[in-house]
Every structure is written in structure tokens, then in C-alpha cells.
Amino acid sequence: MSSKKEEVYRTGPYRSYIVESQRRKTNTLTKKDVAIILLITSVSFLRIYKIYQPANIVFDEIHILRYVQHYFKGTFFVDVHPPLGRLIYFLLAKLTYFDPEIDFEVIGQPYHGVPYAIMRLFSGICGILSVNVAYLTMRLDSDYWVSLFTAVIVLFENSLVTQSRFILLDSPLILGQALTIYYFKLSCKTEPERRLWWRYLFATGLSLAWTISMKLTGFYTLLWVGIFSMFDSYQLLGDLTISTCRWFRIAFYKLLVLLVLPLTIYLSLWKVHFDLLPFEGPNSGLISPRLRSTFKDYTTSPVEVLYGSTVTIKHNNLEKYLHSHDQTYPRGTQLQQVTLYGHEDPNNEWIVELPRKFYEHKHFNQSRQVKDGEFIRLYHKATGRYLHVSDVRPPISEHDYSKEVNCNATRGLMGNTEYEFRLRILNKKPHATNNLPMIKLRATETVFMLVSRDHRCNLISHHDKLPSWGNYQNEVLCVSESTIPNSLWYIETNSHPLLNEFTSHVNFGQVSFLTKVWDLHQAMFRVNADFTTPHKYSSRPEAWSFVLKGIAYFQSLPQYTSLTEHTSQIYFLGNVITYILSFIVVVVSLIKLVFHGLRNLNPYVTYLDPDTKRRFYTNALQYVAGFVLHYWPYFFIRRNLYAHHYLPALYFAILNLGEYLNYQMKYIRVPLMIAILSSAIHCFIEFIPLIYGTEWTVASCVAHKWFSGWNMDCMTYGG
């Protein structure tokens, strides 16, 4: 498929330039290509060998199945990924025999009433197609053998095979990414505005839509396409045979197809998602009241907050409830804990009371509105205690200006100012139609601070979480000079004996589709950032390239294993040869690219590189940049991360490995390919029991713990 024709240079007014229309030529597939693709496809079916085993829930399959269940019931949920993958699995379940009433409780639970093999097959087919696309991508600029080498490396990559055997999103994501790379490179090799160019451009746009709609990390691929689309446009700008008018026209077409088209499809899938989920679900507490108001079964609250009202108070930034429960701090005051909790719960309810002693008739028989500047007490309904600030350091934020927030004292409390908070209204929500929320406390409309009367500190919360004794819930504390975003609260639900259906209720008006998408994405980002609870199998990006840690996907549970069945486990590990070598080659390629770039900075010399060299540096730049864009951002993410997050970057690294070998002299290239392939395939075969969940022995398992971070449970095979 690679063109043998050298690029054509012409002499311009000041320097030579490339005539892009002469350079952009592609060839069709040969019979040999077709034969190799058929061979690759047939061997790739190893990926779906016994895909029905284990007949138990594996790793994150449990989440996908629960989401599919929500689609069947129409109940809303919040996930950190776009909906395409879940919608495809839902469609497969809908077309077969999925039982939506099954409780998916734990990983390892046996499957009953679920077409799990068919659903897994979709992921497996995506994996098979990715191998073929890798071959086609390399054939754009490489010979048969280098292209075949790259495809086989992808085929026998342990982690890619593992990920493609289960009901997960990564294998479809990799397929979308692979297709995007392939069609984008094809479009760059085709003369603009020709029929083939339009075909490849639209294929790139559709592949991008698939990728960004599968997982949010697909937007890194969109960024990659954007960068190199601009680079390609810059190359066209240097061709003096292309008029300025035509150049702008081509740029506009690219913007339309490579950005507007994918985003339009992306938003359309969210429309389908919302239409399938018209009712509130268990995750409704994670989203804004504005978004909740669009559900058919949403119950509105009275807008006026009175003394005696039972309310739920939400943190304005984190969208979590002020919460308390009948557990105490292990140190400090050892009083009742106050935290933030992300889900609806009776322990989120507080009664707004007047300061001083509680009198029932003043709270429940009189209609007195809560106003800005007034002092209030907050009574925790479930445990019968009052919100309180103590002059001791909080459990984890041990600063001089921070104080512990707890619950203490009961209804017999007299006029103790330590339990009083000044209501300070700071802002109002966008749906408020007048200025009343700036004067009176109004549910969902008023944004306020709570200032301790005695300690003159502001009630705040932040992303930091309490340890296991606090159920990993967010810390609530009182700070003298707090940041405004951490100090803001609002009332979500509100009820009072004197408030009924005839009183004024919360009204959000008509919520637009884009507003719903925006609110849900904010919730997705909050949930994603909230994955900070310590996890046994989480790892940092610096460990991924060297396969320093794996992930236990599945382990036979005694209660689900009969005496006649062999015990097994699925353990996610990368192919050590492929991972380490491809990363080293990325580093070497990056160094070569830097020196090549420095050489070309000389404005007085025009370097006319041979076609082979130019192709290498162009392709290496694309692949190394793709690797960096899909890998480097994880170093700045503080949430829990796992080794499978490396897979999109790994795909770029493997393509770069093939490109680097293609650039070597033939007498070096062939021995290298043979050595690398044999080592990689050997590494794959060695770990087949962990990939396919087949029988193994304790001794073999222990012998295969090559790194200290490989913590697979070898005693699984002791039964």
C-alpha cells in the first residue's frame, strides 16, 4: 500500500516547496495483503477461544451489567463514561434473554439469565478487528513483514487479549482509536477534495465519534487528530499551487467533519441515554436538583424554608449532603461524626431551629421564614443531636485555623451559642426568578454560608476524605479564613407541617438538553475525581510501562465452585517484552525527533530528506505524540488509577515500535523482528492460565511472580 513515488519539489520565490498533490498517493490492497489479513483474522480467533469461561462475573463486568439493568428499568444512574458502550451492551441484552431482575452482587458470582457470552463476543470481535487495523495502518508506509510483525505484536499482547475477552469498554475504545489513526493517516495521504479524501475524512469523523462516545479518554484521540490536522493544513499552506481560498475551504471541511460531526453524534447518544432513563435512580443524589427536576417521578419541595423545616443541605461545589451518623471520631472530642455523603439517606435530614431552647409550637405551629443574617441551630433528625463546633483540631486537617465539626447535645439544650450558626446568604442559583433568595432562605435557590457564632469560622468541606473509620466520606470542618467555593451550601429538599401542595414550590422551568448534558458531565467529573479510596490493585502511571503491577480480575470463590471444577483466576498483566521494549523505543524516537527538529530550525538551509527518512520522522512524530497525549495526563490525575488505563497509549507505542523497525537496515531489522516476536509470543504463552483462566499449579504460579507487585493469589490453585 505504500507509494514508491518520491515527493515533488518546486522552486519558489525564496525556497523549494513540496507539491502536496504529487505526494499524496495511496495504493490499493494487493492479493498478498488480503491473504495476510485472512491469516491474521483466523489466528486472532484465539482471542475468543472459550470466551464463555469463566461463567462468572469478571472485574468491571459487574458495573456494565448494573448499567444495562438500569436501562431496562428506566432508572437514572451516573457513570464516568459516555453512553455508547453501555448502549451497545444494552442492545445485545435486549435482543437476547437478559433478566433485569437479577441482583449483581459480587465479582465471581455465577451468571444466570444473562447472555454474557454474546456480550463478551462483541468485545472480542472489537479486539480481532483492532489487530487487522494495526496491519492496515502499518501498510500505509511499511512493507508486508513489518506490518505483519506489528499486527502479531498486538495480537499476542497479554493485556489487550485479557481486556477483549470480557464485557468491558476498553476493547471497543481501542478499535475506535485504531480506526481513527488509520483513516486519518489515509486522509492525509489523499489529495484534498477528491472522492477518496471525502470518504476517508468522514470515516475519520465517524471513528472519532465512536471513540469519544465510548470513554472520555477518547477526547485525547480527538486532540491528537486536531493537532495533526493543523499540522497537515500547515503542510498544505506551504504548497504554492493551492490557492488561499481553497486552503480555507479545506480547513473548514476538516473542522466540520473532524470536530462538529463527532460532537454531534456524541450529543445525540446522550439524547438516547436520557430518553431511556426517565425515572430517578439510586445515583440521583449525585446530580443537581435542576437535572433531577427533568425526571418523571421527581417530587418538588416547597421553596420557602421555615423554622421547623426538615431539610437536606448540599455542598454547592461537591454536590454531596451534610450528613451525620451514630459513629464517633476516634480522637479529638470523640463526639458524633459529621461528614459529606453522596447518596440520599435519612441521615442527611436536619431540622432548622431557632436559637435558644426548643419549643415545639414555635417551630411546627408558626410560619416564620428563615432570613439572611439570622442565627439558627441544626438538629440532626436521625440521631437527635445538634450540629456543633469544638475548639479542637479536625481529624485529618490539623491546622491551627481549623476546628472539628460534630454533633452533640439533645433537645434539652438551652441557649449555648456553640451550637448556633449565622446564616450568611452570598448568592442565588440561576433558576431563581427574583431577588428573594438573597433575603430569605429558599430551597434550591439560595446559596449561603454557615458561620459559627462562637468560633467565627465557616462550615466547609473539601475533597479530602476520612479513613475507614469515617467510611471514606468527605471531611467537614470549620475554618476561620476559608476559600469561598468550599464554604457554600444550599437546601435541596424541604418539608414542614404548614407547607403543603398549595404553597409555592421549587420551579426550574424548562431545562434545555444542553443544560442536562452540562449538569451530567459535571457530576461525571465529580464522581471520577472521587475515586480516591485506597485500593489494593490501583497503581500510578510510572509503574505501567514496566508492568510493575497487575489487577486481579477474577478468582474462583469457594461458595461458587463445585468439587469437580478446577479453580482459576484472571489476572491483568501486560506482555513484559512488548511493554518495556515499546516504551524504550518511544524514548529513543523522542530523542531522535528532538535532534531532527533542532537541525531543521536552521532558516538558511533547506534539508530535502529522502522519502524513507521523511516518512519515519512524520510517522514517529504522530505515534510518539499520540503516546504522550494518552499517557502523560495521568501523571496529573490524583484519583485511583489502574494498569488498564495504559492501553490507548500502548497501542501508539506498538505502532511506533513497528515504525522504528521499518526504518532500520534490513540486515538489522529481520533478526530484531524475529527475536522480539519469539520473546513476546513466549511471554504470552507463559501467562495463558492468567489470561484464559485455565488450570495451573501453585508452583508454576509462584515461579511466574517476576515482580514484587505481581500479587496474584497462587493459593487459588491449591484446591
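Positions of Cβ are set from backbone N, Cα and C atoms, glycine also.
For 302-355 (among others), the entry in TrEMBL reads domain 'MIR'.
Taken from TrEMBL, the feature domain 'MIR' applies to 367-426 (among others).
Residues of the same chain lying 6 or more positions beyond the ends of the transmembrane segment (34-52) and with a Cβ under 8 Å from any Cβ of it are 116-117, 120-121, 124-125, 127-128, 131-132, 135-136, 144, 147-148, 151-152, 155, 161, 164-165, 692. Residues or ranges marked as transmembrane segment in TrEMBL: 34-52 (among others).
Positions annotated as transmembrane segment by TrEMBL: 117-137 (among others). Listed by sequence, the residues of this chain that lie at least six past the ends of the transmembrane segment (117-137) yet keep a Cβ under 8 A from its Cβ atoms are 1, 36-37, 40-41, 44-45, 47-48, 51-52, 88-89, 92-93, 96, 147-148, 150-151, 154-155, 160-161, 163-168, 171-172, 174-175, 178-179, 181-182, 185, 651, 654-655.
Per TrEMBL, transmembrane segment is recorded for 144-161 (among others). Residues 32-33, 36, 40, 43-44, 46-47, 127, 130-132, 134-138, 171, 174, 572-575, 578, 643-644, 646-647, 650-651, 654-655, 657-658, 661-662, 669-670, 673, 676-677, 680-681, 683-684, 687, 690-691 of the same chain lie 6 or more positions beyond the ends of the transmembrane segment (144-161) yet place their CB under 8 Å from a CB of it.
According to TrEMBL, the feature transmembrane segment maps to 250-270 (among others).
Under the heading transmembrane segment, TrEMBL lists 570-595 (among others).
TrEMBL lists 616-635 (among others) with the feature transmembrane segment.
Same-chain residues lying 6 or more positions outside the transmembrane segment (641-658) and placing a CB less than 8 Å from one of its CB atoms are 130, 134, 137-138, 142, 146-147, 149-150, 153-154, 157, 159-160, 163, 170, 173-174, 177-178, 181, 217, 220-221, 537-541, 543-545, 547, 549-551, 572-574, 578-579, 581-583, 585-586, 589, 619-620, 623-624, 626-627, 630-631, 634, 676. Residues or ranges marked as transmembrane segment in TrEMBL: 641-658 (among others).
Positions annotated as transmembrane segment by TrEMBL: 670-692 (among others).
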Same-chain residues at least 6 beyond the ends of the transmembrane segment (616-635) with a Cβ under 8 Å from one of its Cβ atoms are 141, 181, 185, 217, 220-221, 223-224, 227-228, 541-542, 544, 586, 589-590, 592-593, 596, 609, 641, 645-646, 648-649, 652-653, 655-656, 659-660, 662-663
Tell me, roughly as an integer, the mean pLDDT over the domain 'MIR' (302-355). 95
Please count the residues of the domain 'MIR' (367-426) that DSSP assigns to helix (H, G, I), strand (E, B) and coil. 3 helix, 27 strand, 30 coil
In the same chain, residues at least 6 away from the ends of the transmembrane segment (250-270) whose Cβ sits under 8 Å of its Cβ atoms read 82-84, 87, 192-193, 201-202, 204-206, 208-209, 212-213, 222, 225-226, 229, 233, 236, 242, 513-514, 516-517, 520
Same-chain residues at least 6 beyond the ends of the transmembrane segment (570-595) with CB under 8 Å of its CB atoms are 54, 58-59, 153, 156-159, 162-163, 544-547, 550-555, 617, 620-621, 623-624, 627, 643-644, 646, 650, 653-654, 656-657, 659-660, 676, 679-680, 683-684, 687, 690-691, 693, 706, 710, 712
What else in the chain is close to the transmembrane segment (670-692), if you only count residues 6 or more beyond its ends and a Cβ gap under 8 Å? 49-50, 53, 145-146, 149, 152-153, 156-158, 161-162, 165, 568-571, 573, 575-578, 581, 657, 661, 664, 700-701, 704, 712
For the domain 'MIR' (302-355), DSSP counts of helix, strand and coil? 3 helix, 28 strand, 23 coil
